[in-house]
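Everything on this sheet refers to the single structure shown next.
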Amino acid sequence: MVDKGKVFQGQLAFMLYSLMAYDGLLLIPKIAGEKAGRDLWLSPVWSHLTGIMMVLAMLRLSRMFPEESIIVYSKRILGKWLGIVAGFIVVFYAVYLTSVILRIYSNFITSVFLENTPSVVVSGGIMFLVAYTARGGVEVLGRLAQLFIPATVGLFVILSILTIPEWEVSNALPIMGKGPVPSLKGATVPFTWFAGYLLLGLYYPLLSNKRKIALFVMAAWFGEMITLAASGLVSVFLFGEYTDTLNYPFIEVVRYIVLGEFFQHIDALLLAVWLPGTFIELATYHYAAVVGLSEWVGLKDYKALAFPLGFLALVVSSWGISSDIDFERYLATSHIWFDFSVLVFGLLLFLVAWIRRKLGALKAK
């Protein structure tokens, strides 16, 4: 690896947790609610129970080649030229996801908190910090994840508990009144997000201790599922079948919190949950893009690519889709198929490696 830094298992688990939890906190109640209605909170459960196959596939691949990144071992699995193509897919996807998450971030901030601020200012500010973090290396990223993620999870739990006086549990009943199909349809989008676990193949070689890593990765997987199911359930308790009519249901959840006559309208507390987590998510994807591209082109120093790739992600985030409505439509259509294609690519890469190993044509390191 071009970065000689190391991360602990727990730090990597926090980074993996961020890949779905924070975008899902904002988007899944609305996206799943359009198909699942009051059963939207079940959709993250179904998506995680099926998406676990991608998690396990990438874990198994990484264990076959513990000291090599996916950029390197793709060539061993597929041959030189197909391996180069596979490496490009990984790098391209990391840059692409960075730009998509950046757009989600700017849309949320400019529509809820900073309505008169140009989106490029909002996106550019956080992208500068993300690129600076990526330039600092995986150890900096790991320590920031260890600092931010537990704090945001704790604050999320507190905010959810404070809404209990306003809950209408009957809003969630009957559970699966129309059968499991609506909630399964609502699971389609979050299921495709598991394509992001492809980047585990870039982070695994950077672990300082690979013992029990499966336990830590599964803890991240389980934590994501509980977070997304809980946010959806709280939204249903408050808004029922009207949840999908809200752009960001959980921000409306926080607005329900009132303690006394002076402690209310605490929307900014949700920002304290979401912003640090999204920052770690962006940095996790961007660092993967920087290190992946460095290995793909054979550079010895990855740091020179941190800001240029950050600028590229900033440009792509606003390129081609001007309105927020068009972007939401894109997330629900073309983006799903792109994610699904990458997910299938990851599973096929594992399948080819497994078959070749069984046939004796591939030796794991």
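Every residue, even glycine, has its Cβ placed from backbone N, Cα and C.
These figures come from a predicted structure and were not determined experimentally.
For reference, TrEMBL has these:
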TRANSMEM  12-32  transmembrane segment
TRANSMEM  44-61  transmembrane segment
TRANSMEM  81-105  transmembrane segment
TRANSMEM  117-135  transmembrane segment
TRANSMEM  147-167  transmembrane segment
TRANSMEM  187-206  transmembrane segment
TRANSMEM  213-239  transmembrane segment
TRANSMEM  268-293  transmembrane segment
TRANSMEM  305-322  transmembrane segment
TRANSMEM  334-355  transmembrane segment
**Item:** Range from 44-61, 117-135, 187-206 with the greatest count of C-beta pairs under 8 A to the transmembrane segment (268-293)
**Value:** 117-135
**Asked** Are there three or more C-beta pairs under 8 angstroms joining the transmembrane segment (334-355) and the transmembrane segment (12-32), sequence spacing 6 or more?
**Response** no
**Prompt:** When you check the transmembrane segment (213-239) against the transmembrane segment (117-135), do you get at least 3 Cβ pairs under 8 Å, counting only pairs 6 or more apart in sequence?
**Reply:** no
**Prompt:** Of the listed stretches 81-105, 117-135, 147-167, 305-322, which one has the most C-beta pairs under 8 A with the transmembrane segment (334-355)?
**Reply:** 81-105
**Request:** Name the range, of those listed as 44-61, 81-105, 187-206, 305-322, that has the largest tally of Cβ pairs under 8 Å with the transmembrane segment (117-135).
**Result:** 305-322
**Message:** Using Cβ atoms and a strict cutoff of less than 8 Å, what residues sit near the transmembrane segment (44-61) while being 6 or more residues removed from its termini?
**Reply:** 24, 28, 32, 70, 73, 180, 183-184, 187-191, 193-195, 197-198, 200-201, 213-214, 217-218, 221-222, 224-225, 228-229, 232, 343, 346-347, 349-350, 353-354
